[in-house]
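To start, the structure under review is shown below, and the notes come after it.
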Amino acid sequence: MAKAKFERTKPHVNVGTIGHVDHGKTTLTAALTKIGAERFGGEFKAYDAIDAAPEEKARGITISTAHVEYESPTRHYAHVDCPGHADYVKNMITGAAQMDGAILVCSAADGPMPQTREHILLSRQVGVPHIVVFLNKADMVDDAELLELVEMEVRELLSKYDFPGDDTPIIHGSARLALDGDQSDIGVPAILKLVEALDSFIPEPTRDVDRPFLMPVEDVFSISGRGTVVTGRIERGIIKVGDEIEIVGIRDTQKTTVTGVEMFRKLLDQGQAGDNAGLLLRGTKRDDVERGQVLCKPGSIKPHTEFEAEVYVLSKDEGGRHTPFFKGYRPQFYFRTTDITGACQLPEGVEMVMPGDNVKMVVTLINPVAMDEGLRFAIREGGRTVGAGVVAKIIK
């Protein structure tokens, strides 16, 4: 059969497998690529190829992640699978592989285990919007009542962390049988049912270009006779000449109008997400804008100083701290383009945090930063990255 050419016409959705060690995440990933390749195009990736995930660096943190792709009738999926629990924690906190939805793999024989819970909690903290469940190893459970019991436990766990437990699709199956081509209900058909659930339950993500305009300020220039130009990479949305924008963060919010959009020293009518652009601002002085602020669509993002975060602290081997830190720790928090000092408040009963740990903390910054829940940041000490985090909840 001729190899199907990759068509960009299908919408692209990012997913990944989460769940306890040895519950079958990688086997399921292999089964998805195999059945996807047979039915809808794409290429089969064997278990061993996925399991030998290469190490990559994201923000100075070493993470092993396997990336595979498969198709459904209507979509193209990019799927991440991590070999170890620590890789999941790092991956989710750094946002190295952003997920529009996750496939929670839970063994029907064992039921929910500690990492099942931890991955659901992490998904909530880092803003994974949707979870679909695959109850794996269903061939090892003869008792239908036991299956129902495990399903109930998983639903309760999802609800506990504010996912819609009662409405979540839960598919029973065996990834191993499906890989072997088994045609019984829990074999290949279960994988097809899972793909259907992904298609229907995980909404298509809003493309960056369709979201409200935002550009982090990287540099500010004053051009005589023309005014102030602010440069940066447009993170989301579209900006046109004549648009009103706000300058948010660090100091009081100001309003201004964009009178010019430049790229590669050419004047354009508009810039969009992904472009490196220079924006000419009307009546704005060079000292009114600084690195660390953002330009945005008015009202679309607010400045905040206090938030709850989920943080991964780099291990010594990753170039992080060699010693733990305690409450009252005051490092710099690097948001988008700048460092802002902040104080850390640790959870009750946590006296210290060791390199290599992940922890929930409340951070109070000395200056406000434009932020939404889900924004990633680095923790630095004198320019050296010692941690990575994500804004889980804004307090004020």
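Every residue gets a Cβ built from N, Cα and C, even glycine.
Under the DSSP three-state reduction, Lys25 (GTP binding site) is assigned to helix. Residues annotated as GTP binding site in Swiss-Prot: 19-26, 81-85, 136-139.
The annotation Mg(2+) binding site is assigned in Swiss-Prot to Thr26 on the grounds of sequence analysis. Taking the Cβ of Thr26 (Mg(2+) binding site) as centre and 10 Å as the limit, one finds 23 other Cβ atoms among all the protein chains shown.
Summarising the annotation, Swiss-Prot assigns domain 'tr-type G' to 10-206.
For 19-26, the entry in Swiss-Prot reads region 'G1', with the evidence type similarity to another entry. Sequence-distant contacts of the region 'G1' (19-26) (same chain, at least 6 residues past either end, Cβ-Cβ under 8 Å): 47, 50-51, 66, 81, 83-85, 104-107, 110, 112-116, 119, 136-137, 175-176.
Nonlocal intrachain contacts for the region 'G2' (60-64), taken as residues 6+ away from its ends with a CB within less than 8 angstroms of a stretch CB, comprise 53-54, 82-84, 87, 90-91, 94, 96, 312, 314, 317-319, 385, 388. Marked as region 'G2' by Swiss-Prot on the basis of similarity to another entry: 60-64.
Under the heading region 'G3', Swiss-Prot lists 81-84, citing similarity to another entry as support. Residues 16-17, 21, 25-26, 29, 50-51, 53, 63-66, 68, 91 of the same chain sit 6 or more residues outside the region 'G3' (81-84) yet have a Cβ under 8 Å from a Cβ within it.
Taken together, the residues of the region 'G4' (136-139) have an average pLDDT of 98. The feature region 'G4' is assigned by Swiss-Prot to 136-139.
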Check your understanding: Looking at the binding-site residues Gly19, Lys25, Cys82, His85, which one has the fewest other Cβ atoms within 10 Å of its own Cβ?
Key -> His85
Exercise for review: Measuring C-alpha to C-alpha, could you say which of the binding-site residues Cys82, His85, Ala138 are within 10 Å of Thr26 (Mg(2+) binding site)?
Suggested key: Cys82
Study note, to complete from the structure: Other same-chain positions with a Cβ less than 8 Å from the region 'G4' (136-139) and lying at least 6 residues past its termini are 23-24, 27-28, 105-109, 147, 172-177, 186, 190
